[in-house]
Amino acid sequence: MAVLNQLVIGASMAAVLLLVALGLTFTFGQMGVINMAHGEFIMAGAYTTYLVQPVAGTLAVPAALVVAFVVAGLMGLLLERLAIRRFYGRPLDTLLLTFGVSLILQQLARDIFGAPNVQVTAPGWLTGGVDLAGVRLPYNRIFILLVAVGCVVAIGLYLTRTGHGSRMRAVMQNRQLAAVSGVATGRVDQTTFFLGSGLAGVAGVALTLIGPVGPNLGTYYIVDAFLIVVAGGLGQLRGAVLAALALGILNSYVEFWTDASLAKVVVFMVIVAFLQVRPQGLFVLRTRALS
Amino acid sequence: MLAVEDLDVAYGRAQVLFGVSVRARPGALVCVMGRNGVGKTTLLKAIMGVLPARAGRVLFDGEDVTRLPTHERVRRGLGYVPQGHETFPQLTVRENLFVTPWATRAAVDEALDLFPALRPLLRRRAGFLSGGQQQQLAIARALVCRPKLLLLDEPTEGIQPSIIREIEQAVHRLHTEAGLAILLVEQYLDLALRLADQYVILDAGEVVRAGDRDDLADPTVHHLLAV
Amino acid sequence: ADDPVASGANSNTIKVGILHSLSGTMAISEVTVRDAELLAIEEINNSGGVLGKKIEPVVEDGASDWPTFAEKAQKLISQDKVATVFGGWTSASRKAMLPVFERNKALLWYPVQYEGLESSPYIFYTGATTNQQIVPALDYLKQQGKKRVFLVGSDYVFPRTANKIIKAYAAANGMQILGEEYTPLGHTEYSTVVNKLQQAKPDAVFNTLNGDSNVAFFKQLRSAGITAATMPTVSVSVAEEEVVGIGPDNVAGHLVAWNYYQTTAGPANDKFVKAFKAKYGATKVTSDPMEAGYNAVYLWAEAVKKAGKTDVEAVKKAAGGIVIDAPEGKVTVDGENQHVYKTARIGLIQPDGQIKEVWNSGQPIKPDPYLKGYSWATGLS
Amino acid sequence: MRARWSAPAAYAVTAILLLGVAPLVLTPFRLDLLGKYLCYAIVAVGIYLAWGGGGMLTLGQGVFFGLGGYAMGMHLKLVEAGAGNLPDFMVWSGVERLPALWAPFRNPAFALAMVVVLPTAVAALLGLLVFRQRVRGAYFAVLSQALAAAFVILLVGQQGLTGGTNGLTNVQYFFGLDLYDPAQKRIVYAIVALTLLAAIALAWQLSRSRFGRLLVAIRDGEDRVRFLGYDPAIVKTATFAASAALAGIAGALFVPMVGILSPADLGVVPSLEMVVAVAIGGRFSLAGAVGGAILYNYASTTLSEQFPSGWFYLLGAMFVAVMMWAPRGLAGLLADAAAALRRRSAATVPRAKPDAVAVPVGAGEGS
Amino acid sequence: MSGDLTVRGLTVDFDGFRALSDLDFTVRAGELRFLIGPNGAGKTTLVDVITGRTKPAGGSVRFDDHELVGRREHRIVRLGVGRTFQTSVVFEQLTVLENLDLAASFRRRTAGLLRRRRGVAAGVAAALETTGLAALADRPAGVLSHGQRQWLEIGMLLTQRPRLLLLDEPVAGMSRVERDRTGELLREIAREHTVVVVEHDMEFLRRFASTVTVLHEGRLLCEGDVATVRADPKVQEVYLGRSGEEVAA
Ligand SMILES: Nc1ncnc2c1ncn2[C@@H]1O[C@H](COP(=O)(O)OP(=O)(O)OP(=O)(O)O)[C@@H](O)[C@H]1O
Ligand SMILES: Nc1ncnc2c1ncn2[C@@H]1O[C@H](COP(=O)(O)OP(=O)(O)OP(=O)(O)O)[C@@H](O)[C@H]1O
Ligand SMILES: NC(N)=O
Ligand SMILES: [Mg+2]
Ligand SMILES: [Mg+2]
């Protein structure tokens, strides 16, 4: 029974992992920006919930989803305009740049909201849960799962069904060619970065239901988020989903049989081993061109 | 239609074009020629705004576009096929054709009519196409923008003879029937001879000769193109 | 080589170091201790300072990085020539600083409950050692008839050592340890641990998680439907500060073990709480480590007054037996092991975020860092 | 002519400054700090090789630093404890018998060998696995970062074996030297400085060799290199392993220099900082990398002393500013300034046709 | 040590698409062979398989009595098989000279690689000469124009002294004079090496080719001397266009 529970737990861990990684499928996967400040955008989403809470009452969480998307999105947009746009095609440089930004944002949060965690409580309708064959599935986990699924569907449609989605990919693959095809590349960059960062904000809202809301929030998720994207294959939505699911379930079982520390180590080793079989992640985008 | 005036272009500190002036009348087909490395590609890129002009102006349809971003130039009717069969490798052929924001089904259909070989490949990723297929796609992609002036940088490179013929005919048709102005960089002299109204010869980043097609028969021109 | 007195002697201030993490993971906890220490310094200065001189704090950031603590401690000692240092939170930071203070014969005041088994001649420990916090908490559980206990802790030295002590206690007292789980510092995913708890169904959970993890743990415990009524937890690193972050709804009814709560009765505490809120804002809460840091400054000041100088050896000698009326009640320095006598208190978390005392040891407990007075603890070290 | 002598001259000046001047003018406390910076500078030399040279952004240097450091630290702790005794942390962690893993480290030769062998072997293994499968760029960066995260969790989780979060503290002796004695500590400083100078010389030679060019080529176009008959995986692995070895040596020296080694210095953020320091100095230049490491660590010490609660703003702003305005680091900035000066003095020459050549972005002074 | 290239039953599948099917193809040692065919016929794919870039679904490629299928790219190069690419790729951050030197050095031992380059090896100097890039020797290759890159790539190949050279559209984007120069160069090389050239330029073919192989849809369409091939109606149909002569004129 307990063993069966772990499957459900794994799935709900996967939803969290997926949610924190989803924004990266845009900024990292599509745009090639290693945004270390992604974690701080998640944090911004969480603090947004904290601020929205007194205003929106029991509807704080859904309201915050929208507000946080915009807030984090705008932060991303600002970052893109002020700095990132000079760095396309140089992922490793963006890493260092955004690391600096992440330090600044953390300290800013510390100065604005204080160093200790702030309080976000789940509304009544998200407390409790359903019992599934002896397994209790908390409502807040179901909610996170739904948010994750919703985001995945929306992103999937956006990327494949809208002209904007394919233009975004075009810009990343060949900026110059996109420009001579009439694409306003700057505008596309802004939108993409806005969306990716906004998704981080959404993740932040979800995380307030299950974890701390403090200046360090982002640092706890950033490594995992990047791992998911890498294991899934850069910019591959399906890959990210499967990778999150696989790692969530793997993690939950290893942790069940050993402990949380070992689980993290094992997950890492499995990923390295996995990349032996699928070096470019679950789903590969190859071309014939030489790198 | 197009007037390039005293254009200087540099890559960082290295200047490549020196006071280049080129004119194209509406509906003209101007062939840009010159040995490898003289700056033909650089000229086209500067006209498109991919490279900034250090000095000089680019006028299109009477408007000074020198400071406009690339996509605005495209919107005004400048189309460009870069050298070396460039595509969006990870997009499908269809997606490649629809990248242009104002691409219409009709425009894409017309482009595909020009290169029917692309039709069965629509769902294939462009990066997996053969060199020639990519080049055909690249030209089709530019046409989807519905340009008024088309810049073609060595469009026949890597294309099988029968398709070269088709391209030649297509270019000819676009030029004569649709009245499209064309700036063509072409290494096949005979092909250039057959198509061009005017020509420009570059050497070491400067225009050394320009004139009407008929002059091209002149042996001194051949001399300029040799060695 | 460096004489800390030298600089203090011919200026009209006495420099002291304040060394806590102001950045990084630990800032969440340590910043408030710094605030409390600065408050104490301000109060002492306002009432005339010590030896007629004002205390001048030199603040440094340990940055949640243990070697940095050592480096900054060295800097405070040899560059700033401070008379003493108040600082540290994690045991790791203390272990890193310890050799620096011993080597330089300088003085550190360490304000946080810790795992014991240590007694450096150059450190004063103003937080609880194990027999003033963990052992009383176990006594309380035993008294409540909680015999089957599950241990949950962060993966570092304090929880591991604490749990070792708990297991020894359990073995001697007929308690049963159903499980022992460690998670990395900063871990935020507790569903698996909660699942294990649900399977084991202990009478109580002994929680030595630190910092942010507590927020995740309690939120997830609650959403899994576990309440204090079905499975109470007793925490030793959850104070008022943490309760705010967790959200009182999520922890109300659970137990904590400390020596001080914001609600602890007494004029000294009323004054402390009032002064703290006046200085830092009405919404701020006070907690045990803050109070221990606050006390440390007063204890040192008293010792200096008694010694008549800031010289380390003199202060050390003078400190023994010093008593102050601290917010937690009477606090006495044990001259032998340089810990302090502290009253143990078990508290119940209230829905408003405050903690209500439900039991106390009646009188301050003599510090016993090596648990020499407990027969069951003989094998521990 | 000038170019030919400027490098050896700079090297000599550096040597004199480090070995002659610094010990005389700095207080023992500051000299210790400088020694610590120099340890990071040794790591920076390795990062310069791997990242500046081979384009491998390794965000896991902390792991190799740690492996070397623990190898050394274990030996020193054992010596200090004396025969038959346990190191202090094992005592308070309740370990009763010396773990088998520790026993061989009592032997100094073994421990010294492990300082190099452990990091090299781990890097070689990871490198072979990863590079043979053509994992690179951001993938590699993220993987190596995850390695650092996993390594620290592993260290922290094995308290009885590694000292857990605390790490190895209170190291007092280093092969007979008393580290509490400033005079003897100066010898350790000298060893660190000499090691750094040796590392610089080695890296200098390597980057100017064909091997160095090959690395640049691999960075430029790894696939193409295969068709020249080289195996990029081997070349990259060798380079990565060399950078790991340097990090290991640096870690080993860090232990006596600083007296403590803790997982807090080996994780994701410290590893990132090692790289950031190099970026600030200029990753395409050896002098930039080394200078960057010293400067960065100096700056973070000073900033945190001057602005204990706001220094993260300054540090963050520094990264941002460097990446924005000096993407090739301070060394790039200096090179540009020098070039500008030279051009000004040569400005009288008439129009120079396509002669002066622009260097493609990122090429820089990569030697 | 026959030096022959023997391709037997070669099949390449890309997710269900058959780029080469059951192809047999032989080039004798010392031959200069031209390979033509419509866009997408599989010419580059064939070169890719020979040089280890693409794994075939079946079949064998033997050179010099070594099976090449299954070997890694650099091993194949070390057997003496060199190639150029349809889109030239040179190392942009290295100078022209360093590009050539690196290409020439692949047989050096590790110790040789660890030493600095002193002077210019004879083979490298010759390649600089042949390719006309001597004046650009110290420029980063990133500044070369399209045509100049093509030359550099050929130069790099030459310094490697392979016994079998595979050139994928070497003269694309070159002016006529340069094509002629390349052609002469090829002739010269072919005297000592086995050369396979993929090309679309019929004029070039007419001037420099002796034997031509035509691929179509992954299969051998025909093989023979230039005249025969050009006269072949199937070739005219799929490749040259009905009036192929006109184009090439
Ligand atoms: N990115 C660059 N940086 C510096 N110089 C460059 C760069 N690209 C091209 N050049 C130089 O500019 C000159 C002109 O190049 P361009 O590509 O315009 O030549 P081209 O006439 O198109 O030649 P080709 O026929 O070979 O395509 C060449 O000498 C080349 O070396
Ligand atoms: N990786 C791949 N995945 C799918 N299809 C591929 C892949 N590689 C090649 N193809 C297809 O295989 C066919 C053969 O391609 P190839 O590049 O060998 O042609 P080619 O004869 O060199 O043509 P060209 O003369 O135009 O360069 C083409 O239709 C191409 O689209
Ligand atoms: N001493 C502690 N709580 O680490
Ligand atoms: Mg060109
Ligand atoms: Mg081809």
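Note: Cβ is positioned from N, Cα and C throughout, glycine not excepted.
Keep in mind that TrEMBL annotations are predicted by a computer and have not been checked by a curator.
TrEMBL has this to say about the protein:
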type     : residues  : note
TRANSMEM : D:6-26    : transmembrane segment
TRANSMEM : D:38-67   : transmembrane segment
TRANSMEM : D:109-131 : transmembrane segment
TRANSMEM : D:138-157 : transmembrane segment
TRANSMEM : D:187-206 : transmembrane segment
TRANSMEM : D:233-255 : transmembrane segment
TRANSMEM : D:275-298 : transmembrane segment
TRANSMEM : D:310-326 : transmembrane segment
Inset, instruction - State, in range form, which of D:6-26, D:187-206, D:275-298 has the highest count of Cβ pairs under 8 Å to the transmembrane segment (D:233-255). - result: D:187-206
Legend entry - Intrachain neighbours beyond the transmembrane segment (D:310-326), with Cβ under 8 angstroms and 6 or more residues off its ends: 276, 279-280, 282, 299-300, 303-304, 332-333
Inset, instruction - Could you pull out which residues elsewhere in the chain have a CB under 8 Å from any CB of the transmembrane segment (D:275-298), counting only those six or more residues past its ends? - result: 10, 33-34, 36-38, 40-41, 43-45, 47-48, 51-52, 57-59, 61, 196, 200, 203-204, 207, 318-319, 322-323, 326, 328-333, 335, 362-366
Legend entry - Segment-segment contact (the transmembrane segment (D:6-26); the transmembrane segment (D:109-131)) at 3 or more Cβ pairs under 8 Å: no
Legend entry - Remote residues contacting the transmembrane segment (D:38-67) - C-beta distance under 8 A, at least 6 residues beyond either end: 18, 118-119, 122-123, 136-138, 140-142, 144-145, 147-148, 151-152, 155, 189, 192-193, 195-196, 199-200, 202-203, 206-207, 212, 215-216, 218-219, 235-236, 239-240, 242-251, 253-254, 257-258, 261, 263, 265-268, 270-272, 274-275, 277-278, 281, 283-286, 288-290, 292-294, 296-297, 366
Inset, instruction - Could you pull out which residues elsewhere in the chain have a CB under 8 Å from any CB of the transmembrane segment (D:109-131), counting only those six or more residues past its ends? - result: 63-65, 67-68, 71-72, 74-75, 140, 143-144, 147, 232-233, 236-237, 240-245, 247-249, 251-252
